[in-house]
Structure formats: C-alpha cells, structure tokens
C-alpha cells in the first residue's frame, strides 16, 4: 500500500480593487449579492423581538396579464409571469402586514436592487420613500388605500432609471435596525423603456407609430433590386417566452455597466456590436461565401426567436446570418426593451473602405476595371435599423430616428459596430457628429469616382457618378405590409443644390478630398452610354442592350469592354463569366445599339444564393482618350412561393399549409429544404425533399 501524500496547493488570491476600481465592475444583471435581512444600528438588546414590530406577510404585485399594471404599461403581451412595468409611469402594489399599519409609529419603504455591489449613486440601489404626493421625474411611493392590515401603494419610477430585472425588498425601520423581507423571485420586477412617457428619452408621441415600432411583433423586410423590390416575412417575437431574459443577457454579454443601462444611446451602440459575432462571440456569425455546411443558410431563417433562444442557451454564435438577419434580430432586441425601432433597406448601398466618403473605382489605361486596387463596393441592397431617441449629446434638432447597423462591416472604436448616427445629421452631411456618421453618409449619398491608373502609378479622375448610390430607402409602412419610402429622410433629391451642399459639408469635415480640385476641370461628355436588360429569369438566357449616343459633330470610335461577374449581394465579386470587347463606330449626331446575349450556361455553375449578376461596362473614346463607365446589377427572377391552407381555420383545430412554386430549370430539383414558421401559431419546422 502506498503512503498517502498531502500536497499544498496555493489558492489564487482574490483580485484587489484599489483607487478607481475599489468596487469591481457591475456588468451583470443576473449576478446578485445577498442583502442582509437585518441591518443593526448597534448592540441589540436581549429583549428585542421582531414580532413586536411591523412585519410583512405578503406582497401582491397585480402582475397577471389581465390585471391593471401590465395592461396600463402595455406589457400584457409578454409571455412572462413576473411584473413588467415601464419607467416614468406609476404602478400598484399591495403589502399585507401582520397588523394594521400606523403611520405615527411605523415606518417602511420599498427597495429595488439590481446586480452586485448596489449603490444609490449608481442607480443600482433604489430606496423608495413614502410621500404625500408623487412627483414627476422622481421615484416615490404614495399610499392610495388602507384596509385593516393591508396598504396599497402607487409607485412612480424615474423616467431615466436603469432598464433591467430588479429584486424587490420591503424594509421596516425599528429602533435597533432595519428589517427586510427575504429574497423572493416572485417579486422580481422588470423595468423597461417607456415610449408613452413624455419624460423618457425614447418618448414617441404618435400612438400608431408606437403600435408599429414597439408593439408589432412581426413584419416584412425588403430586398431584391431597386427595379424589382421583393419582401420576406420576419417574426420579431419580442414578447415570446424567455426573449426578454435573452435580451437582458445580451447587455451582460456586452459588459455594459449597469449604471449605463438607462441610456438608449449606449444600449443601441453595444447592441450593434453584440448582435454580430465578429469579434465578441455575439449572437450571429456572418457568412457571405454561400457555404452553409455547418449551420443554417441566412435565407432560411424566418424570425428572431429561434436565433435568440439558441444563443441564450448555448452562449455560442448562431450560424449563419447576413444583413437582414442581423437587422431582424436587432429589431427584436430594441423593441423588447421598449426602444422604438424599425428596419430599413437601402438600395445600392456603398461600402466605403477607406473613410473618404466616396466610392473609388480604378480602371487601367484601356478602361478595364482594376480589381486589385478597387476595394470599395456597392451592395445591391443593405439592411440596418433605426432607433428612436433623444440625443442630448448633440445640438438641438438631431434627435429622433438614429441609424444603427449590427452587420459587421468596419471597425468602430475597436469593435465591429455602427451608430447610433442621427438620420438628420446624415442628411445634412454633418459627419462630425458621433457615432459613425461618415460611414452611414457614404452608404446613402457618396459619389462613385472612376480613376484611370497609368502604368507609372499616377491617377486621373475620368468620371463621377453622382446618382447611383442610395437610390431608394424603404421601411415597412405603418399598419400594413407595403413599403414606405423614406429616402428623403436620408438625403435631398439627387442633383439639387441642397444635396450637393450636404456632400460638400461631409467632405469639409476632415475627410480626404484630393480628387475635388481635379474633378472640377472635367469637361462634359458629348457622348452617352446606357445599359438595359430584358427580364432575366433564373436558369434562362437573356439579352442586355448597350445604347451609345453621339451628340457632337465628330466621328468617334469606341473600344468597349463588357465584363460580367456572378456577385454576392454585398457587391463582392465571386466569379467572372463574361468578358467581351466590342468596337463601336459613331457617326456625328447618331445613336447605335449593341445587343449582347447572356447564356444560362455561362453563369449557372457559379451562381450565388441571391442570384445576382454584376455587369461593368467601360467605353474608351479613342479620339479623346476619355472613358465612360457604367455598372449594373441584374437580379435574376426566381419563382414566387404560393402559400395556401386547407381545412377549417379555427383556433385549436389542425389545418394543412400547401407551398407551391414553379421549377424554372430544365432538370429535376433535388435536396429542396423547406422551413416554415408562424408567429404565435407554430414553431419553426424544417423538411427536406430528396
């Protein structure tokens, strides 16, 4: 038998917090410290008996769905059995004591505590005094009714208090100390933002807008092409079971200090970071390469609930998402916490990689695109969010809708996030206002500047397209599923003096503007080039037409290059499928058209998920050496789904859903996966047809 040995293992020392860090960071709503049931004022006499003093026997929170607290606070739709109230608005509770309350000798108050290390100065410990009259803007409790041993209180919360899940205690003062009720999860209380309260930073004065942007738990997301706008349904599910806890967990995950959780600016900013999993293991892992082997294809998701619950359970990024998935989940997060939010789609959205508020395209001396130098791109469409709030950190007039984007595109202050940026500031080119306003301005109103790059590395501006970017911005209309055009909220009409002044203002605020002086010496073209395509059906041949017009009295010859690429909807090229050179002779004051046939066999082998083709056409005028350029994205038409139901449409009875579509290909489809969900009707179901 071997002799036992004892090993002395040195225990790690607790981290010492000194100076500014004398108290550890308080970044978790879920963590909590024990609150003493009795705080003594000194030595307790042996004759002290708790039963001699007022004692709480029961606390009634009126927290059922049909009761007044949840109805008046618009929280009766949350699938949650706890009390949920909105800040800045009074609510009722009833306290049952062991004997009648005598205000002349009894003193009690209500306490709310959140997180660890509660401090009154941080708003994490809130003692609520009993007052004669409630005062707007301050915490207070007023006795509204007494019935023998029961007291009914009307409690008014501060309109700027922390958002989260609070623990409730009732404290009773005695000569020898403070007695408290024990910790009971049944009295936990959620406090949310309040768009119905004028003093709240997210106040919205229109009831129809509140119903749409806070209470609506389903919607549509617009996508496709500006000339062929499509929409997909999305279930936000902000009131579903466990979603509120999942959204509070996201703030814990983002390490947002509890003291900052009453500020919608901070919450929307950290939300834009934690929704994506780019650098902080956030909710959704992005994927734009069409390989979804280890997850779910972005286009297969039908709502936010499944994604949020999976993340809340696993604490691992859910695979996979693209811009509309990030924006859909972000909408759920904001609306769940009470911040009015909507989802926006921008058609021809610029991605400005080098922060110069323009989209740079480089061509070689022959006018062909230089893909090595060209880093900026144009997304066919891009989705982000708007959140409604005041902006006390900005000059007056820049509150209201704030653009926030959770799709990981560029790094902002060390993390992949974007916003909140005032939509009003974006429109007027005030890109000096935080946060990330230059990037968002470029997405909707940047010019596309075409450079010719010489062999010695010098660059010349050839052409500036001032109208291609940000052609249309849409959100869902209030009370319906149609589009609401909000382009004029982001930019002035193209070509107007106001629109150019906004761009000049953006360029003035410290961004690069080396092309400006050179661009003003560009002479006007006396030739034009147009690009048109006939209906392009997925899996079929189609035709594109180039139209050249000579408005001068000169003879011109044009060396024209047409390059076609399969492209992701983000504007990133996947594979080239067409490269054609065309020589065009133009007589004075003449027009000439050239048809180019596009064969299905050319593009089908590399087609990406959203079936988009990018055409880049350049034409060099040999006599003047000038270069004209056009780029166009063609979204192939795919079959529409037809959804019908059979059977009785009665609650509690089964019915059958029938999904139909027409196969556009000349071959049998295999491994077709169908995903279906119905908010408050059915959970997500997936079925694969071999």
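Just so it is clear, glycine is given a Cβ too, placed from its N, Cα and C backbone atoms.
Using a 10 Å Cβ-Cβ cutoff, residue 323 (active site) registers 27 neighbours. As annotated by TrEMBL, active site applies to 323 (among others).
Per TrEMBL, active site is recorded for 382 (among others). Summarising the environment of residue 382 (active site), the number of other Cβ atoms within 10 Å of its Cβ, over all protein chains shown, is 27.
Look at TrEMBL and you will find 405 (among others) tagged as active site.
Residues annotated as Ca(2+) binding site in TrEMBL: 445, 447, 494, 499.
According to TrEMBL, the feature domain 'Transglutaminase-like' maps to 315-408. The predicted model assigns the domain 'Transglutaminase-like' (315-408) a mean pLDDT of 95.
Among the features that TrEMBL reports, region 'Disordered' is placed at 1-25.
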Residues satisfying Cβ distance under 8 Å from residue 445 (Ca(2+) binding site), sequence separation of at least 6:
426, 429, 469, 470, 490, 491, 499, 502, 503, 506
Around the Ca(2+) site formed by 445, 447, 494, 499, list the extra residues of the same chain whose Cβ is within 8 Å of the site's Cβ centroid.
446, 466, 467, 469, 470, 491, 492, 495, 500, 502, 503
How far is it from residue 447 (Ca(2+) binding site) to residue 323 (active site), counting Cα to Cα, in Å?
23
What's the number of neighbouring CB atoms sitting within 10 A of the CB on residue 499 (Ca(2+) binding site)?
18
Among the binding-site residues 447, 494, point out the residue whose Cβ has the most other Cβ atoms within 10 Å, with all shown protein chains included in the count.
447
What's the CA-CA gap between residue 494 (Ca(2+) binding site) and residue 382 (active site) in angstrom, rounded?
20
Rounded to an integer, what is the Cα-Cα distance in Å between residue 323 (active site) and residue 382 (active site)?
6
I need the CA-to-CA distance for residue 405 (active site) versus residue 382 (active site), whole Å please.
10
Tell me, how many other CB atoms lie within 10 A of the CB of residue 405 (active site), whichever protein chain they belong to?
31
